[in-house]
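Read through the structure below, which is laid out as structure tokens, and then see the notes.
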């Protein structure tokens with residue numbers, strides 16, 4: 001493989017983690033955006049998206065040399081738009097060169113025409129020219145020596161300066177030169193069959209593929225497969241305590257929604273997503289005196305909170321750019337990714353120092369990926385999924401599971417006290433997502449067992465109410481048990497926790513078990529029951545509607 005030197009202004013293909021190569025240009029980074037430590041990388045601005053990121057040199061390839069093979073790999077609409085943007089850029093640059101070339105040619109033609117008109121034609125003039133030619137040559141020779149000597153001195157100084165600024169020298173390359181070289185492969189290996197096939201880049205001998213630095217964002221993630229992301233490059237930036245796995249928590253003595261002793265942070269708070277959980281959270285933040293800017297995909301949901309004193313954000317990017325800490329609570333991994341990486345998304349508003357807290361219940365791969373792209377822009381990231389339901393959200397009695405930037409966790413103290421009774425810090429990003437899925441796996445399986453017990457009581461001629469009374473007097477007694485049984489007995493399945501979401505969490509928990517080769521047969525069985533309930537059009541009802549899967 002040949003080593004190819006890259007420099008400022010070069011057009012390149014940037015490879016970011018699992019995503020397809022994307023065309024971009026090496027540019028100077030903003031003054032307030034520092035280069036990541038320990039990484040040999042360039043700052044690249046991507047065509048078609050106007051996004052940018054620090055990218056390792058191993059993940060960069062020259063644009064022209066690899067254009068054909070990259071186009072064969074990716075046929076997506078956005079990708080083609082990006083390539084078109086590059087070609088338009090090249091056409092404009094070429095047009096400027098041609099204009100400059102034409103101007104020079106015109107000047108040359110005018111000079112030649114002038115010389116032609118003044119050229120001597122008679123024999124006498126030719127002889128005079130010949131006689132004077134010797135003197136002219138002599139004088140020119142002397143002048144040439146003087147000019148050449150001065151030019152040589154200046155040229156030598158310029159060359160010396162250029163050599164000092166550039167690592168390209170003859171002989172053995174200096175250490176710095178290695179930072180500006182990338183391995184160039186003549187073939188593309190390991191292409192996948194799909195239109196969004198991942199491009200396999202050759203790693204350096206000293207750096208395995210697993211340490212790739214995936215910053216890529218602003219892409220149609222729904223077209224790609226499950227990510228295989230590594231968090232090692234980011235954990236150094238996140239201020240977390242590796243040894244803490246849940247020993248730290250912020251607790252309120254009682255329902256913090258009615259606890260007037262909370263001192264709200266003076267930071268500006270943003271909140272994205274006003275669903276069942278988000279609505280209660282925002283309401284409590286406002287009650288406790290926080291300054292909140294809200295955004296929701298359906299803007300009508302914002303009206304009530306505007307009346308309560310919240311401000312309206314037109315886009316997620318606007319909310320993030322105008323707030324110090326932005327929380328988000330959406331339904332699933334796809335929604336979480338779209339919110340961050342989509343048009344006018346969170347990433348567009350992230351600047352150094354901006355904070356993002358994702359409260360969605362998603363898988364560890366998704367939250368790790370989001371953390372990477374946020375941190376790559378200089379932002380701070382915390383995951384903080386919540387355990388509870390709509391009623392607990394309204395009452396400010398949620399349990400918050402947090403992981404990531406420890407400093408940001410502490411900065412969110414007053415917010416967490418307003419929205420929940422307890423919050424736990426679980427260490428590095430991904431831990432909270434895993435814990436949340438396990439909690440919901442237990443809850444979802446328990447709910448399916450409750451429904452199974454009630455239906456079994458019915459078909460065997462036993463009183464369902466008596467069964468509930470017995471359970472409420474035993475060790476299984478809980479608010480959750482009583483409420484869900486009451487829902488079933490009354491036939492009231494108004495959503496407190498959507499059935500489709502608990503099924504989603506069960507599916508993700510099963511996948512988590514598969515990833516570590518751990519059996520989850522109970523969760524798998526419960527998942528099948530919820531899937532049957534969804535087939536019976538119960539997705540938008542409460543999770544207790546799983547009962548109907550047993551009676552149909």
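In case you wondered, yes, glycine gets a Cβ from its N, Cα and C as well.
Source: prediction; values computed, not measured.
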Note = Range annotated region 'Interaction with KDM1B' in Swiss-Prot (choices 65-74, 75-84, 195-204, 215-224) is 215-224
Feature phosphoserine, as given in Swiss-Prot - residue among 100, 130, 151 = 130
Which range of 205-208, 209-212, 213-216 is region 'Interaction with histone H3', per Swiss-Prot = 213-216
Request  = Quick one: sort out which of 24-36, 37-49, 50-62, 167-179 is the DNA-binding region according to Swiss-Prot.
outcome  = 167-179
Note = Cα-Cα, residue 268 (SUMO2 cross-link) versus residue 539 (phosphoserine), nearest Å, comes out at 36
Inquiry  = Using the alpha carbons only, what distance in Å do you get between residue 301 (SUMO2 cross-link) and residue 539 (phosphoserine) once rounded?
reply    = 21
Set of same-chain residues at least 6 away whose C-beta sits under 8 angstroms from residue 539 (phosphoserine) = 498, 499, 500, 533
Ask   = What does DSSP assign residue 301 (SUMO2 cross-link), in three states?
value = helix
